[in-house]
Amino acid sequence: MDALFVGRSAAHQWASVASLSKIASAWSLNNAAATTLARFGSPLAANCSYGKLLSREGRNRARSTRKTDLLFSASGVRRGVRLFAAMASRDASAGAGAVGVAAGNEDALQFAKIDNRRFLHVVYRVGDLENTVKFYTECLGMKVLRERDVPQEKYKNVFLGFGPEETNFAVELTYNYGVDKYDIGEGFGHFGISVEDVHKVVDLVKQKGGKVTREPGPVKGGKSVIAFVEDPSGYKFELIQRPKTPEPLCQVMLRVGDLDRSIAFYENALGMKLLRKRDNPDYKYTIAMMGYGPEESSTVLELTYNYGVAAYSKGNAYAQIALGTDDVYKTAEAVRNHGGKITREPGPIPGINTKIFAFLDPDGWKTVFVDNEDFLKELA
């Protein structure tokens, strides 16, 4: 038997689910409301005090035992239509929000194409500042660019590099008074330096009493001649034999647990380009070079994935990379939209008014974006 909805009077006519479109039309529901009806079904039953769905045989019993049973009352229909409208409004708002996010993402991507982004410096803590500076200058050929001692807060910074900070990447060494050792962890890999003669630099490191952890030779799975040395604080440097370049301080290597995820994040959130990707199945690792310029003449971020390793300990030595941008607010929005965890909202630093923001990538590596104009004012 067909199932029927029981009504209280002629004013409350029999209805079926198929007739709901007529109700929607009668109450002038808009397209969004009709869409909601199609998606969620009838909300009217929720507004019925005594609605029952009965077979034809049970209809008389229902009338005799509870004549007040009904499915639809006039007020119930009105409430149902209002619910339709509310649900439609919610859907419309959600749709508008999604469109807004998509538009924001597109704006951020377009801004990234014209933004003057570059690597500024990398920050890490050292326990032996004097000998570390000596190693960098005498063995690696860096120059001290500036120093900052803050005795009231018990720390000192030394910036070193191969060229002025206005144009070149630098390292920022942080020494905290009285702390002579840090845990570098397993996630940080190394810094890369481009040199014209790897053997010559390795010989110099040995003469100065430095530590060579890998003798010069071809890279695993490749032809580039490299070597590894270690500074007095335990940080590794990869020496890469290349022709002379305007940016010798050429790499920061970090290990990640999901390479494709990291590539997508650095492309979409930070506007970097995937410069090169190489898989080495014989040695069970894959690398991706990310950056804002050619690998041979600018600093790049080397992301390394070791097969089957999803997470790494980070220790407390390596701190962060600082990048430059023309607008920290727009860049922060892009990072937020693509899943970056903002740890410091964009805005000026009290006292010096340099605008920055900080965030963590999907693996927990910290990056700070600095306003380009403000950064140059700091250096002046």
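Glycine is treated like the rest: Cβ placed from N, Cα and C.
According to TrEMBL, the features are:
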ACT_SITE  GLU238  active site, proton donor/acceptor
BINDING   GLU172, HIS190, GLU238  Zn(2+) binding site
DOMAIN    118-242  domain 'VOC'
DOMAIN    248-372  domain 'VOC'
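Sequence features, as recorded in TrEMBL, placed on the structure.
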| residue | record | DSSP class |
| --- | --- | --- |
| GLU172 | Zn(2+) binding site | strand |
| HIS190 | Zn(2+) binding site | strand |
| GLU238 | active site, proton donor/acceptor | strand |
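Within the set of recorded positions (HIS190, GLU238), the lowest number of other Cβ atoms found within 10 Å of a Cβ is recorded at HIS190.
Geometry remark: GLU172 (Zn(2+) binding site) versus the residue listed as 'active site, proton donor/acceptor', CA distance 18 Å. Neighbours of GLU172 (Zn(2+) binding site), defined as other CB atoms within 10 A of its CB across all chains, total 21. Looking at GLU238 (active site, proton donor/acceptor) and HIS190 (Zn(2+) binding site), their Cα atoms lie 7 Å from each other.
Broken down by DSSP into helix, strand and coil, the domain 'VOC' (248-372) contains 21 helix, 57 strand, 47 coil. The average pLDDT computed over the domain 'VOC' (118-242) stands at 97.
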